């Protein structure tokens, strides 16, 4: 493990600790349970899960550090020149599914890849981002989420937030449904356009911004009363989350194709989900407004 990899690993372990501590404090009931694991083909990680809390119905914050002799297809499909290289991958990935339908689901991920081949220069890159999936949209929350994202990107250039915001909108899109998974945020991958230290600093800025983006939303919405009907709608919309993660998500595909730990990879799935055949929201309802207004390509900072 190189000094660069060691520095990234130290940051990611600390990030996992800080995020878990902040979420435990905010929940005020449940605590994370840690499950350390070892990957037979090389590496391992520590999965931390939380459930049935006062606020969080199910959540997970996973650290992994895996390596192998060859990149799996999900990682080399768009970079065929990397096929056959040994790899090392480190990351923190998290998903939080709250009880209350008025509190959005959140997802964040930061990661580092390095692909090596004897006699050739190592190829490295960073990736990550965070995105928000509301069930009952609130404009204040959407603007706050994107404002924090913009502020995290600002030191790295005025074009960074709009570029990675647009990438997030494209990435978290369910092609078979013709709709986005949520209201977006940031997404970046294959980041090595700056020097290593700048790229690493950017990854840290995104990782550190997650708590600032999400906790104020929890605090504003966690005590909002909700009905059984609203809970059913939340479970229906969670189905879209499952569909995206199992069909499109590159992290899920990479984990499964590289022989990762299935329980840790699938920790992102919500605990209660429903599908209704050809279900449609009543026109003009709160449920219809989610797709008609919130799940649209929108510049939230121009509101």
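Placement of Cβ uses the backbone N, Cα and C atoms for every residue, glycine included.
The shown structure was predicted, so the numbers you read here are calculated from the model rather than taken from an experiment.
Swiss-Prot lists 109, 110, 111, 259, 260, 261 as binding substrate, and of 93, 285 the one it places in that same site is 93.
Swiss-Prot lists 107, 146, 176 as binding divalent metal cation, and of 78, 97 the one it places in that same site is 97. Comparing the binding-site residues 259, 260 by how many other C-beta atoms lie within 10 angstroms of each C-beta, the top residue is 260.
The region 'Important for dimerization' (241-276): residue composition by secondary structure is 22 helix, 0 strand, 14 coil, according to DSSP.
Counting only same-chain residues six or more apart in sequence, the Cβ atoms lying under 8 angstroms from the Cβ of residue 109 (substrate binding site) belong to 91, 92, 93, 94, 127, 128, 129, 130, 251. DSSP classifies residue 176 (divalent metal cation binding site) as coil under the three-state reduction. The Cβ of residue 261 (substrate binding site) has 37, 39, 45, 47, 64, 255 as same-chain neighbours under 8 Å, each 6 or more residues away in sequence.
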